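Written out below as structure tokens is the structure these notes cover.
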Amino acid sequence: MLYSLAQKFMFQMDAEQAHDLAIKSLKFTANSPLACGYSQALQSSPVNCMGITFPNPVGLAAGLDKDGEAIDAFHAMGFGFVEVGTVTPKPQAGNDKPRLFRLTKAKAIINRMGFNNKGVDNLVRNLQAKKTDILVGVNIGKNKDTPVEQGKDDYLICMDKVYPYAAYITVNISSPNTPGLRTMQYGALLDELLASIKAKQAELAEKYHRYVPVALKIAPDLTADEIESIAMSLISNQFDAVIATNTTLSRDGVEGMTHGTEMGGLSGAPLTAASTMVIKQLASFLNKKIPIIGVGGINSAQDALDKFDAGANLVQIYSGFIYQGPKIIKEIVNAVKMK
């Protein structure tokens with residue numbers, strides 16, 4: 001009830017202004033009596049993935065809390081884990097505004113944010129300041145002005161800094177809003193990046209006496225051959241997980257709608273089937289050698305169950321959370337318990 005009132009108010013505002021207000025409000029109310037407005041108790045539904053025991057299989061996808069400002073509030077809502085970021089070595093403003101658009105009729109969002117964030121050092125301070133023990137994954141990317149050929153250096157810089165505080169680290173090479181980034185999903189560039197990440201992981205594991213898993217986040221706009229190639233690279237480089245999928249460049253399901261032709265990545269309900277298909281194909285190629293975190297168009301408990309049936313070990317939500325509110329977390333956890 002409270003969320004539906006807040007949503008009604010927020011949906012009258014510009015999408016990015018509403019997002020920023022929500023994060024500020026959650027940051028202010030977290031760990032205070034005001035958190036009772038959105039906190040909820042969930043049944044325990046532990047899942048072991050990447051060598052980590054998650055209290056439940058429902059996580060917050062990267063992009064909502066880029067700078068890790070409201071982590072404790074999301075813990076109160078019942079998320080099993082939170083993924084912050086995408087964060088880059090240097091702060092960057094991102095693309096010009098407006099750059100975030102609701103397509104309410106389709107329960108969808110288009111964004112062309114462009115990795116706007118306050119930089120990795122700021123994120124580390126926020127990770128140090130969190131008061132709860134919620135598991136936090138950190139999604140890392142490259143700065144816009146870093147050439148693709150040197151992109152791996154940005155990932156290694158971020159990895160170095162977040163490693164002591166992250167439950168796992170996600171390498172994001174699949175945002176459509178950083179020029180050239182998706183070219184890193186293929187061939188020699190991908191293998192070079194994955195090998196560099198694994199070498200850095202080994203170095204940091206020895207330094208901190210702690211193994212932090214690494215995951216790769218991929219796009220939905222891939223052919224079966226490209227998915228197979230990525231799967232083989234993940235296996236050969238012994239990556240710990242893959243996150244499928246990021247936003248899509250397709251506009252199927254939003255044709256003719258207001259904002260439907262805006263540039264950027266489309267998320268939400270129109271992505272549901274495509275994302276689930278990528279998970280299914282990945283699962284067949286990976287043959288349970290590497291776990292899959294499913295994300296993309298989860299707007300109901302059934303959507304989440306479909307992701308699990310396709311081969312996902314965990315799921316993440318973002319657009320569905322915006323449209324449904326915290327109740328969707330409980331609905332998914334309860335549905336998983338009943339399976």
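Just so you know, glycine gets a Cβ as well, placed from its N, Cα and C.
Under the three-state DSSP scheme, N172 (substrate binding site) falls in the strand class. Among the features that Swiss-Prot reports, FMN binding site is placed at A62, G63, L64, D65, K66, T86, N139, N172, K217, T245, G268, G297, Y318, S319, with the record citing sequence analysis.
In this view, G114 (substrate binding site) is surrounded by 19 other Cβ atoms within 10 Å of its Cβ, with every protein chain counted. Positions annotated as substrate binding site by Swiss-Prot, on the basis of sequence analysis: K66, N111, R112, M113, G114, F115, N172, N177, N246, T247.
Taken from Swiss-Prot, the feature active site, nucleophile covers S175.
Cα distances from G268 (FMN binding site) to the binding-site residues R112, G114, N172, N246 are smallest for N246. The Cβ of G268 (FMN binding site) has 27 other Cβ atoms within 10 Å, all protein chains considered. Residue with the densest Cβ environment among the binding-site residues A62, L64: A62, by other Cβ atoms within 10 Å.
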